[in-house]
Amino acid sequence: MNGLLQLPPALLVLAAAALVPLLSRRVGSAVAGGSLALVVAWALAVPAGVGPTTTFLGFELRVVRVDAVTRLVTLVFGGFGLAAVGYAHLSGMGRIRLTCALVYAAAALWTVTVGDWLSLIVGWELLAVSATLLLWLDRGPAVRAGYRYALAHAIGGTALLVGLAIHTSSVGPAPDALWFGDGIAPGLAAAGVGIGIAVNAAVIGVHAWLPDSYARPHVASSVFLCAYTTKVAVYTAHRAFPDGNLLLAYAGGAMAVYGAGYALAQSDMRRLLAYHIQAQVGYMLAGVGIGGALGVAGGFAHLFNNVLYKGLLFMLAGIVLLRLKEERLDHFGALGATMPVVLAAFTVAALSIAGMPGTNGFVSKELVFAAADDAGARPLYWLLLAGSVGTAASFAKFGYYAFLDGEPPDRGIPEGVASGRAYAALTLPLAGCCLLFGLRYDLLFALLPAAGTWSVDPYATGTVLEKLALGAVGAVAFLVSKPLLKRLEGGTDVDALHDPLALYGTRAVSGALAWGFERADRLAAVVAARVEGLTRGAEAPIRTVLPVWLRGEDGELSATLAIGPSVALVLAVLAASLLVALAV
């Protein structure tokens, strides 16, 4: 067995997390970055295969399992994590926050490199706990967002665990029952696992935690958060439904439209980006849900590319926030004149997320479009196209208000904020990767699963013209809808419905329980009073039948027989229980 297969890469990052609080910020950041660089090297060098197994509760657990999907996801998780550590250092992230961020990244890496469901659950739960702590380390609204995050993911994790328990009972208690293989058993098991995945993937209806959480914390925390949780959900969806699932695919198509539409209504830049996480995860779920070699390749190609350009967009948003101390797009002024490097990197990232030719987002979206077309899923195809128009419109809005509209701000760089050159050393390489994998898409294709079994030419003339037209339609849609968008102020999302339902529903349940307990208490008091009445005055008859030597002094028997109501009730219940037991 190759030695690398015996080393879970998450342990490298956890070791760094343990050291960071003990070191200076500079040395701690270097150790953290070094651990993630080793993860990248591991992903490139490790062969496909299965590492050591261990037994727990009669099940064999695979600590490491590597295939093409594992390698691709581990590579981008480790590579982006390395960039995020550098960004965290430049943006002033403290050692405790960095420790939580490293544990969060390690949990994601653990989840995508193990080979069984029980081990995956460990990483899944650690992912939720560490992300919650990362939110709680910030003051103010981030604490509230952390509670919502914790509650949502507790529900999702419980659903996943229940689904896996049903799956285990369905397939039988064999040692290999929890290995990844043919997917989750249909029926209730698939429903439970599907609900758990839906929560983490921010599927419509269970997504309100996403824009609420990712728009609130320290800018470096947002950069880490945007990369992992939803992508782990996509990976888990593939393991649960390796042959695809059309319900999952159409849920993804709806997310592409819904997320882009709500993003267009936002004025807060990080909320806009957070809604676009939902939209872009929709393309990934569409590919995984379509299934087949091309669908899976498209879904994971988009996951790989999205981590790059969406992480870059969150970095750029953080740079603007640190400079201006302002989140609202319409309060920025024309930043393009004062922050040209940020404008250049934003342009590349925006074109990538909109799927414009020449960028990595264009290539991976085209794989998903081709998979939908090959599968004959025309409604899904049109949903994904509509999502692309909405994406182009919302980033036309972002670019216009952030970099072109108004007068350039005259504020300098605040004290303690890193220089533009330092940030350029991080953001420009990420922008370069977006262009590299868009123009030299063969490099990306070589990393994808089943690369030799499908063939797509993303730069066919008709395809290029279609995507350029979609971008133009999106830009025009923004210009036409500008007056309306100014009045929307974020729109009304599903939390406006389910938050009151949860509040008043919980009140109703707790009120019903309180009423029930009160009635039970009254009934117990009545029964106790009746029993006390039956025992009152029993001393005299008993004294007459007892032998003289048992009667004692006056009042002694009375004290013995003065049974309180609660004791009488207990004795009555015990007597009834004994009679029932004897009858059975």
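Glycine is no exception: its Cβ is also placed from the backbone N, Cα and C atoms.
Per TrEMBL, the features are as follows:
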- 6-23: transmembrane segment (TRANSMEM)
- 30-48: transmembrane segment (TRANSMEM)
- 68-88: transmembrane segment (TRANSMEM)
- 95-112: transmembrane segment (TRANSMEM)
- 115-391: domain 'NADH:quinone oxidoreductase/Mrp antiporter transmembrane' (DOMAIN)
- 188-210: transmembrane segment (TRANSMEM)
- 222-241: transmembrane segment (TRANSMEM)
- 247-265: transmembrane segment (TRANSMEM)
- 307-324: transmembrane segment (TRANSMEM)
- 336-359: transmembrane segment (TRANSMEM)
- 379-401: transmembrane segment (TRANSMEM)
- 422-439: transmembrane segment (TRANSMEM)
- 561-583: transmembrane segment (TRANSMEM)
Message: Test of understanding: applying the rule of at least three C-beta pairs under 8 Å (pairs 6 or more apart in sequence), is the transmembrane segment (30-48) touching the transmembrane segment (247-265)?
response: no
Field: Feature contact check the transmembrane segment (222-241) with the transmembrane segment (188-210), CB under 8 Å, 3 or more pairs
entry: yes
- line: One stretch in 6-23, 30-48, 95-112, 307-324 has more Cβ pairs under 8 Å to the transmembrane segment (336-359) than the rest, namely 307-324
Message: Would you say the transmembrane segment (422-439) and the transmembrane segment (68-88) are touching, if the rule is that at least three C-beta pairs must lie under 8 angstroms and be 6 or more residues apart?
response: yes
Outside the transmembrane segment (379-401), six or more residues from its ends: residues with CB under 8 Å to it: 249-250, 253-257, 259-261, 263-264, 266, 269, 272, 276, 279, 282-283, 286, 290, 329-330, 332, 346-347, 350, 353-356, 365, 368-369, 372-373, 467, 470-471, 473-475, 477-479, 481, 485
Message: Please report, as numbers and ranges, the same-chain residues at least 6 past the borders of the transmembrane segment (95-112) whose CB is under 8 Å from any CB of it.
response: 8-11, 13-14, 16-17, 20-21, 23, 25, 28-29, 32, 35-36, 39, 70, 73-74, 77-78, 81, 84-85, 88, 119-120, 122-124, 126-127, 130-131, 133-134, 137, 218, 220-221, 224-225, 227-229, 231-232, 235-236
Field: the transmembrane segment (30-48) touching the transmembrane segment (222-241) per 3+ Cβ pairs under 8 Å rule
entry: no
